[in-house]
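Report on the following structure.
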């Protein structure tokens, strides 16, 4: 089968979005940057390394759920189309594709990502491994273009990796409501959510002993330097990861170790940092089962199945239109 690729992003959309995000975040009090700018080529390599670290349990825990439950997911969903919000190259994707293929229903795979090169690679790999499956890749931003997803077939929309936790409550509610609005009767959502647990396990997952997550966090400064001509010296920023018990999320921050002013020529900015000042670069919300069900219900979705790994570290839910 051939791979089709449809783009809903203007050629300069990423640059315009980075300019807007950086301008808003670097002039805010306190300063912040959204986590999507971590993932240039180097950032993606580092994150892949993070998922294999001993401290970083979420990837292993989610994979354990899918290994145990993929056949059940295929049977209950009855899907003939797998839509993945993400790159479509992971082992987890293949677990779902294998289960749907074994059930005899799989006809089509729709990977959805902002990066066309990632989608082309995913499409080539999937068509080689599943020659009877049509691959219709969609280039878009899941916060803007969910309504552009192909509607044909009985769809299983997978949003894994607890990426949902990188959205704060209001944007998360808006995202789930928009996603629910794109689902037809018979469609379903497969959602991965990291669960609340002992901070003694949560924090090291975002502050590993080898320093890989610290390098990943500082890499966003290299992105700003390259794309905006900024003058950040990553060596003058420390990686910080902390647990906010009230919000029930991990925050990653970059702390300036010196008083400094950083030029960002593309934005016409001179950005002052006090010594010890922190800039937030990510939140990663953790969930309780009842919170997942309540947020799904508020979006117009009905929980059909709920699974966790044996240790209860990670939840995977299957939901459909209410």
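The backbone N, Cα and C atoms fix where each Cβ goes, and this holds for glycine too.
So that you can see what the record holds, here are the features copied from TrEMBL:
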| type | residues | note |
| --- | --- | --- |
| BINDING | 56, 166, 206, 282, 283, 284 | L-histidine binding site |
| BINDING | 86, 92, 113, 141, 142 | S-adenosyl-L-methionine binding site |
| DOMAIN | 19-319 | domain 'Histidine-specific methyltransferase SAM-dependent' |
Assigned element (helix, strand, coil) containing residue 283 (L-histidine binding site), judged by DSSP = strand
Tell me whether residue 206 (L-histidine binding site) sits in a helix, a strand or coil according to DSSP.
-> coil
Have a look at the binding-site residues 166, 206, 282 and say which one has the shortest Cα distance to residue 113 (S-adenosyl-L-methionine binding site).
-> 166
Can you tell me the mean pLDDT for the domain 'Histidine-specific methyltransferase SAM-dependent' (19-319)?
-> 96
Around the Cβ of residue 86 (S-adenosyl-L-methionine binding site), other Cβ atoms within 10 Å, all chains included, total 19
The number of other Cβ atoms within 10 Å of the Cβ of residue 113 (S-adenosyl-L-methionine binding site), counted over all protein chains shown, is 21
Between the binding-site residues 141, 282, whose Cβ has more other Cβ atoms within 10 Å than any of the rest?
-> 282
Would you mind pulling the DSSP three-state label for residue 92 (S-adenosyl-L-methionine binding site)?
-> helix
Using a 10 Å cut-off, grab the number of neighbouring Cβ atoms around the Cβ of residue 56 (L-histidine binding site), all chains included.
-> 19
So how many other Cβ atoms are close to residue 166 (L-histidine binding site), meaning within 10 Å of its Cβ?
-> 18
Identify, in sequence order, the residues in the chain of residue 206 (L-histidine binding site) that are 6 or more apart from it along the sequence and have a CB within less than 8 Å of its CB; answer 'none' if there are none.
-> 213, 241, 250, 252, 284
Going by C-alpha distance, which of the binding-site residues 56, 166, 282, 283 is nearest to residue 86 (S-adenosyl-L-methionine binding site)?
-> 166
